[in-house]
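Structure, as structure tokens:
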Amino acid sequence: MNAADINNVVANGRHCVGIPHTPYTSNPVPAVLSRAKKVPECPVLGNRNWLIHLHYARKELGVCKILIQEDLEKSKGMSEYANYVMGLILRHEGKIQESLEYFQTCHSLNPKSVDNMKQVARSLFLLGRHRLAMEAYLEAERVPQKPDWEIYHNLGMCLMHLNELEKAKGYISKAIQLSSQECSYIALAKICLLHNDIQGALHVYTIASEQYPDSAEIATCLGLLYIRANLFQQAFEKLGSALAHDPTFTKALLAAGSMMQNHQEFDVALSKYKLASHHKPESAVLWSNIGLCFFQKKKYVAAISSLKRANYLAPTDWKILYNLGLVHLATQQYASAFHFLSTSINLQPNSGNSFMLLALTLKHLGDQDNANQAFQQASKLSPTNASIPLNFSIFLHSMGAQEKAIIQLKRFTDLAQSQKGQSQEMVDTANSLSAVLSEDDNATRDIPRTENTDSEEHPEDINGRGEKESGERDSQDTTQETNTQIEMAADEV
């Protein structure tokens, strides 16, 4: 049978009609040639990227890490996507340095990828290496592509941490022009506050609230800024709007509670703080404010317990230590008060209130000389605080220094006349003290007089009331300082 006859054979093995069936034989083929050559196996990179992405999107990070390790072993570490996702997982777990190494591997595998550069820069930023992070973002900016708002925003954040505020403001403004993102507005407002430009920050937040009317974050930040500008009605409206959109938003609850606390509505403030504690129990500012509420309700044990919890969460916060010293001074635990106040002064040596409370503590501990020096330092640091000269005058009177006591009382009188809103109890205490020091007409000539049935008290009683008033006044000032701390926390988050 020739070749043509062979081609006429049907595919099912039957022969065509009329064609003789002749077996076809071929020449024997050597065994070496008949054996099929096996193609060498090469690792296929990325054949399981879809599976890695699926588990990562489902937050099944344990399974995802196992798949990534297997993929990296097969590819000998050459899989870009596996390295990328592993870096994201490690960053989520707080292992920033290890995540940086994986992102650097991605960058070495694909040096032209902007995403890899951004992730390297982000890890550097989280490690506090802001200069290197800025250089990485600048390298990503130089890659020819469509302008990316995220790069300009993060460049502004790096420059803000490097205290180059004008350049930072320019980059963040450019980011807002490219894409009006909520985080960019907050960063721009924070730069304005660093410049002490409250009106500029209000303008930025107002525009942001128009862009994001349902944002609890923007409404809370604007409310906190209104508190800082003493616009309490507008602040109350904005905080109410924030809680209307998100009733469990912690920063809004803290801010609303602090406003109620400043207006002596302690039960309402505690209800806000109780709700906030369910969602953010690790907040040191929250427990500090709770402690002050209990202190002003005369529940000293609960106040000390709350403040010590705040101190446990933030051991280097000088305001919490100051509040602890105040409460221990009110409960006549003078050794503990001295411990907390001295620690607070070591952390913040520019607080006049801290030195005043330290002076009162030293007086009760019998160290009159150091108490006198502490009062003098408090007067230098806070010359406009009316409670300092009043307490200083009471202290000098108890020491028998009548002339110096008269001078300090005259200082209080001048401050009380120039500053409105002084406590009635402070004025009553000053009137009682002036009655004792009435031998000098200059000391009593301009003292504001009010109706007071206790004007005939003995100097010892006046001394006690003066310290009590100082404590109450300081608790109000401390609340204001704590509110400022809430504002800082709101800006940083």
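Backbone N, Cα and C atoms are what each Cβ position is placed from, and that goes for glycine too.
The repeat 'TPR' feature in TrEMBL is assigned to 80-113 (among others). Across the repeat 'TPR' (80-113), the DSSP tally of helix, strand and coil residues reads 27 helix, 0 strand, 7 coil.
If you look at the repeat 'TPR' (149-182), the same-chain residues 6 or more away from its ends with a CB under 8 A from one of its CBs are 118, 121-122, 125, 130-131, 133-134, 137-138, 140-141, 188, 190-191, 194-195, 208, 211-212, 215, 217-218. Residues annotated as repeat 'TPR' in TrEMBL: 149-182 (among others).
Summarising the annotation, TrEMBL assigns repeat 'TPR' to 216-249 (among others).
Marked as repeat 'TPR' by TrEMBL: 284-317 (among others).
The repeat 'TPR' annotation in TrEMBL covers 318-351 (among others).
Averaged over the repeat 'TPR' (352-385), the predicted model has a pLDDT of 92. Look at TrEMBL and you will find 352-385 (among others) tagged as repeat 'TPR'.
The region 'Disordered' annotation in TrEMBL covers 436-493.
Annotated compositional bias 'Basic and acidic residues' per TrEMBL: 442-476, in sequence order.
According to TrEMBL, the feature compositional bias 'Polar residues' maps to 477-486.
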